[in-house]
Structures are given as structure tokens and as C-alpha cells.
Amino acid sequence: MPSRKFADGEVVMGRWPGSVLYYEVQVTSYDDVAHLYTVKYKDGTELALKESELRSQSSFKHRKSQSSSSSPSRRSSSRSRSRSRSPGRPAKGRRRSASQSREHKDDKKKTIQETSLALLVLVLSKPSENNTKRYNGEPESTEKNDTSCIVLEQKLKPDLEIKRVLEQYSLRPRKDDKKKEEIYSEKKTFVTVKTIEKVPSKTKELEFGGRIGTLMLMLLLPATVFYLLLMCKQDDPSLLNFPPLPALETLWEGRVFGVFLLWFFLQAMLSLLPIGKVVEGLPLSNGRKLQYRINGFYAFILTAAAIGVLLYFEFELHYLYDHFMQFAVSAAVFSLALSIYLYVRSLKAPEEELAPGGNSGYFIYDFFTGHELNPRIGSFDLKYFCELRPGLIGWVVINLAMLLAEMKIHNLSMPSLSMILVNSFQLLYVVDALWNEEAVLTTMDITHDGFGFMLAFGDLVWVPFVYSLQAFYLVGHPTTITWPVAAAITVLNCIGYYIFRSANSQKNNFRRNPADPKLANLKFIPTATGKGLLVTGWWGFVRHPNYLGDIIMALAWSLPCGFNHILPYFYVIYFICLLVHREARDEHHCKQKYGLAWERYCQRVPYRIFPYIY
């Protein structure tokens, strides 16, 4: 095992990733397994660097003094020696000898190297002051550095021109130049590959309560789904009225499982159709960008057309309502099988393709959070597909089935006003998600979380069978509301949707093109990563305005169910808990990523989700 070179607390010079610039950093810790130093820059940014990317401060000071003091003396002494040693040298205008040309060329090379080193030292001498101001959102003062660079460039330009001419008319054989070029090319290739290489580290901070917490969630989530569905079937769905457990043989039917598989693979086939644009996702840890086919809205239209054809031929869609529990069990079994497959294949995945949050080395934790970040079969991305297609579109189909079941059970010529509101609100939400499908590529689910049981169960079971709870509840517990109440609930949903959509659009447009003239009125705090933190608009109101809009809409979805029972309000209660927990995860990751700039952002925008409350 190689010995450690730098100690904790030592101040050294660290190379900024992706550049050749070195900045002053402080060593905070060392990973013996990955052989990486965790260093802290003056602006608060923490990064993991290799030992080859760190240098002692003395090496920079030594080079600076050497270039400023010894170089002129060498140049003056060489000139004095040439004058005293050559009394019979030819007059001006005559050709110099080959040896004198080489001496002159060497002098010029030294001058160029010294001037280049002086330029580098000037750039690196005081980086912390200006950079800290820039990361904190303060204006950067660069006039002094820019003027110095211009002066040095003017001094350097004639030397570079002389160097080019000397190399062009050099007496050295061309074979040597070619050999030198090949050596330089090989060295450059090696260095490039080495800088791109990244050694992934183990997940140190475990979320969701660690191994015990994730194990409990794996048992609790399916139990919660089945409990909610059983409660909705009861005449009195109060919390104290625990439903009787059904017989195990009634929970499974092969035909139902076959219908679920048909639905899943139908959506997979639609996602592979060569329609819609192809976009690139965010850069991965190795710098590579994956490509995604954006055709979710087209898949929704084709699915709606297929459902319309089935209804035209009098297919009984309320079959979903009659076997709703069996469909939920089939989806849970499939999600568990998919999770096992994902974990087994992740064991053979390259290190750089593992999820940053699911590489702890603990089986239960990695199985739950997801071990591999972007599992793919060819170009088919399993996580991206499950995120929006089978569960989200299935949610709309289930709502429609509940609407038809309500009409059939209660002998209605048209659905109730409550059922119409629930279906309309949630249809708008799903269509919006599919229309803005590209925005999901920047979410934490895609960029950070691996694909394991958490997302597989959430996408295939929790979303379609829990999010449709209001419609399922209204079938067995019809609720009558007046038109003024319906109008008030509609206004509330529109307010929530407006906040949700405008906040997300503002964020996505700013990420795509911060220099867009339409966004000129937005102010932001620059960060060390090159991204900006918005402090005006919706993102200057609260830190997560999209979460606020989501919660308002969730409340509007539950209000049409009345106030007789708390069961239809489970969704809004759960959603508040989910978004508060996700907001805490966002805060933790953003603080690590943006450092001091995030602290300044929190001072400018003190409220997280609810203004003046939280």
C-alpha cells in the first residue's frame, strides 16, 4: 500500500478538475481504499482528488523565484561570454554558424519557458480572492489580472514567433522532429485518459435509516398499499375499523398477471418506436452523455386510441375495478422480480456505472436504493422507461376504469361531479409530465438514485395504485358536491398547477440557456460548478416552489371526496412527508455540491417549501 504524502489539515495546491489551474486547498481527510484526498477550497467546495493532482506550496514558490532571479543572470552571462570569446566573429549581416544558431535558439527557448512560467505563476498567485467573490455571487474583479495578462502576451508573442521560425529552419533532421512529435502525442494521449478516469468511492452516508430502515420500508410499502385498497372496499373505511384479511388464493390470478405483462410490454414497445426527438442527458461521472428518446406523449396518444377501440367494441374496462387487488399483487410481484434482476446484473456492471447513492457494499441497502445508475438493455433504459410510462399512463387508465365502474354500479347516465374533477385534475398532471418529459432527465431519480426496489416498486405499484386512491374511494363512497364548491376546488388546483409549471419552466429554461434575453430579469448566485442559483422569480420566493405547487394540487385532488373519512386524504399527507424528506435530501446534496454559495442562497431565500412557515 502506498504511503500517504499529505497530512490532514495541511495546506497544499490542488488542481481544479478539468483544468490545468491549481488553487490553494486544505486537506480534510484521506480514503485509504480509493487513495483519494478530500480537500476544501477557500469558497467551501469539497472535492476528492488524487495524490497526483496535489502539490506542495513550496514547489510553486520555488519556480516563481527561479524564473524571476536566475533567468536574467543566465541571459546576461551568456551575452558577456559570447562578446569576450569571439573577437573575430563576422560583421553584421553575415551568416552565423550552426553552433551560434543553436545557442541563440536555446536562449530564446529559455526566455519563452520563463515567460510562460511567469504567466502561470501570475494566474495562480492570488486565485482565492476573486474566485471566492464569484462563488458567493459578488462581482468578480478581473481588471488587474487582465491587464497583466495582456502585457505578458505582448512580451510573449515575439518570442513565440521567433521560436516558430527557428524550428522551421532548424538544421536538426526532420526524423528527430517526427520522433519528438510521436513521443509528445503518446504522452498527451496517456494524460488525457488518466484525467478522465475516476475512481468511484463507496457510499458512506446511508439514507432511509440505513440497512434496518430500508428493510422495514421493503416490508411496509407493500403492506400499506394492500391496507389502503382493502380499506376502500369497506362500507366504513375508518382507521379504527381494520379490514378482514382476504384468503391468499383470492389475491392471485394468472389471467390478471398476464394482462399486466401485456400492458408493460405494450408500453415498452411504444417507447421504442422511432418517433420523437432524441436528447442527451446530463454528463455522467466519466463525462459520457446517454441518449434518450422523447416520445412519452406519443405513447399516451396511441394508448388512448387503443383504449377507445376497446370501448368501441364494448370491452368491460371496469374489469380493472373488479380485480383491483389482484392487479396490485401482480404489479408487486413483477416489481420484486425486476428488482432482483437489476441487482444481479449490477454485480457485473463497471464501477463507473454504479449509482453514487447505492454503492454502500450492504446487500439490503443497495438492493433497495439501486446499485446501478442507468441499467440498459441495448439502448432501452429500464429506469427512464419505468419512471413515466407503465405507471403514470396506467394511473390514467385506472381512473377511467373507476369512472366507468361508478356509472355501472350506481346506474348513472354520467359520472358524478366529484369523479369528473378527480379524473380531470389528475389527467392534466399526467399529460403535463409527458409533454415535458425531457425535464425528468435533470431530476434526482435519474441523476443520483440507482434503479432498485425503491423506484421499481414506486413506479409500477405505488404510483398507479395509490395515486388513484381518490377515484377508487369514490366508487364505493359517492360524494355529492355543489357547483360553487367544485368551482372553488378547480381554482385551487389551477393555482397549484400554475405555480408548479411556471416554477419548473423557469428552472428548465435557465438551465438550458442562462444567457437567454427573456431571462435577463432573473438574478442568480454563481457557483463553483459553473451553474447559477436563482434568487428571483419563484425560486426567490421559496427554495422549492415546484413542491409547493405539487402539494396544493394534491389537496385539490382530495377535496372532492368530502370530509367523512380521512382515507382519501392519505395521498396529500403522504405527499407532504415525501416532499419534506426529498427537500432535506436536496439540501444535503446542494450544500456539498455548491458549498458557500448554497449558504448564501439559503440566507437570501430562507423558506424551504411553505412561505413564512417552513
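A Cβ is built for glycine as well, from the same backbone N, Cα and C atoms used for every other residue.
No curator has checked TrEMBL annotations; they are predicted automatically.
According to TrEMBL:
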COMPBIAS  66-75  compositional bias 'Low complexity'
COMPBIAS  76-97  compositional bias 'Basic residues'
COMPBIAS  101-111  compositional bias 'Basic and acidic residues'
DOMAIN    4-62  domain 'Tudor'
REGION    53-111  region 'Disordered'
TRANSMEM  208-230  transmembrane segment
TRANSMEM  256-275  transmembrane segment
TRANSMEM  296-313  transmembrane segment
TRANSMEM  325-344  transmembrane segment
TRANSMEM  455-475  transmembrane segment
TRANSMEM  481-500  transmembrane segment
TRANSMEM  521-542  transmembrane segment
TRANSMEM  562-581  transmembrane segment
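Segment contact is absent for the transmembrane segment (562-581) and the transmembrane segment (256-275), given fewer than three CB pairs below 8 angstroms at sequence separation of 6 or more. Of the Cβ pairs linking the transmembrane segment (256-275) with the transmembrane segment (521-542) and spaced 6 or more residues apart, fewer than 3 are under 8 Å, so the two regions do not touch. When each of 208-230, 455-475, 481-500 is checked for Cβ pairs under 8 Å to the transmembrane segment (325-344), 455-475 comes out on top. Residue counts for the domain 'Tudor' (4-62) by DSSP state, with H, G and I taken as helix and E and B as strand, are 9 helix, 27 strand, 23 coil.
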